[in-house]
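Take a look at the structure below.
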């Protein structure tokens with residue numbers, strides 16, 4: 001049975017963007033330390049470089065998070081249509097419930113060779129007729 005799942009949120013592109021964030025954070029920290037070295041207020045010399053250090057920390061975390069999701073077998077999604085044998089439902093694994101695919105397999109084992117409305121030949125996995133669009 002096909003299921004609509006969230007699509008690929010964290011990805012390799014997100015990991016590359018996070019690496020850019022790390023580089024920007026390092027650049028910001030170096031520049032902020034050099035510009036605020038002789039500041040008349042000592043707190044200014046601490047706060048502005050701290051933004052860069054926070055950027056680097058968040059960037060490293062995001063890079064690891066995006067890279068792990070982009071290269072793992074069962075990735076987190078935003079909206080994808082998947083088969084139950086391709087990727088299981090993470091909530092079913094977490095809460096220990098049986099997937100609803102067991103009941104659906106009995107329904108899909110019946111071969112629907114033709115649309116009852118227009119007579120068009122359809123495959124067994126179709127829920128809608130590709131010709132007339134009605135529910136099979």
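The backbone N, Cα and C atoms fix where each Cβ goes, and this holds for glycine too.
According to TrEMBL, the transmembrane segment annotation covers 12-35 (among others). Within its own chain, the transmembrane segment (12-35) is flanked in space by residues 45, 48-49, 51-60, 62-63, 65-67, 70-71, which lie at least six positions past its ends and keep a Cβ under 8 Å from the stretch.
The transmembrane segment annotation in TrEMBL covers 47-67 (among others).
The domain 'DUF7577' annotation in TrEMBL covers 114-136.
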Could you break down the residues of the domain 'DUF7577' (114-136) into DSSP helix, strand and coil, giving a count for each?
0 helix, 4 strand, 19 coil
